[in-house]
């Protein structure tokens with residue numbers, strides 16, 4: 001059973017309230033009435049994060065996710081998908097490796113850093129709010145626009161066909177040449193070769209590695225490295241052949257897993273964002 005979105009969550013005073021914020025524009029037909037929802041075939045144990053960061057807080061913070069429709073288990077962004085992803089990264093929002101901040105502060109700083117990156121990357125980012133409200137009121141609403149977009153350039157992405165511009169997760173199954181994002185070299189072609197499969201319409205492709213997800217992964221090498229990580233967890237998913245599975249698959253839900261993987265995983269020559277925030 002899929003619980004309906006909660007526009008004004010119980011306990012909202014913990015994080016603030018979106019009740020005074022203008023409603024974000026909605027795109028597309030909205031979520032289906034019924035769906036299976038996100039699941040974890042590995043049935044990972046709960047993260048300690050779930051003991052303090054609740055579904056109510058998530059709904060309060062991100063009421064306009066999923067191109068304006070709000071968190072929903074039938075769409076890529078939901079609390080249920082978020083906690084499944086968090087269970088694969090048990091240090092996320094649970095550790096306190098430095099003495100500069102209290103354990104409670106460190107845990108919240110970790111989530112805040114991840115959410116801030118995601119807001120910048122895929123938020124509604126409505127700058128007009130700062131002309132309508134005072135600074136604090138505007139910020140309260142601005143940051144509640146997080147997790148708004150699914151696809152790079154959304155909600156109407158120039159990489160997608162005009163008949164399927166990004167209003168449904170499956171709209172990303174094919175793209176034009178601008179969305180290919182295929183990096184090539186002898187090494188990349190060997191390890192993370194791009195698919196040249198074409199879409200059902202002329203001049204469209206299935207091997208489209210433009211940005212998808214909360215903290216968007218882009219380019220074939222990132223899709224390929226995330227695919228390898230999924231394999232290490234027991235999931236055989238060919239993202240190089242079908243990169244839009246990041247948005248459409250629900251068992252487990254890669255849209256958020258990919259974002260957390262990118263946040264938690266070092267990639268030369270840089271450490272993981274999580275490690276920088278935590279001061280490892």
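Using the three backbone atoms N, Cα and C, a Cβ is placed for every residue, glycine included.
Per TrEMBL, these features apply:
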- 1-25: region 'Disordered' (REGION)
- 54-124: domain 'Glycoside hydrolase family 19 catalytic' (DOMAIN)
- 181-279: domain 'Glycoside hydrolase family 19 catalytic' (DOMAIN)
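For the domain 'Glycoside hydrolase family 19 catalytic' (54-124), DSSP puts the residue distribution at 36 helix, 0 strand, 35 coil.
Note: the domain 'Glycoside hydrolase family 19 catalytic' (181-279) comprises 40 helix, 6 strand, 53 coil (DSSP; helix = H, G, I, strand = E, B).
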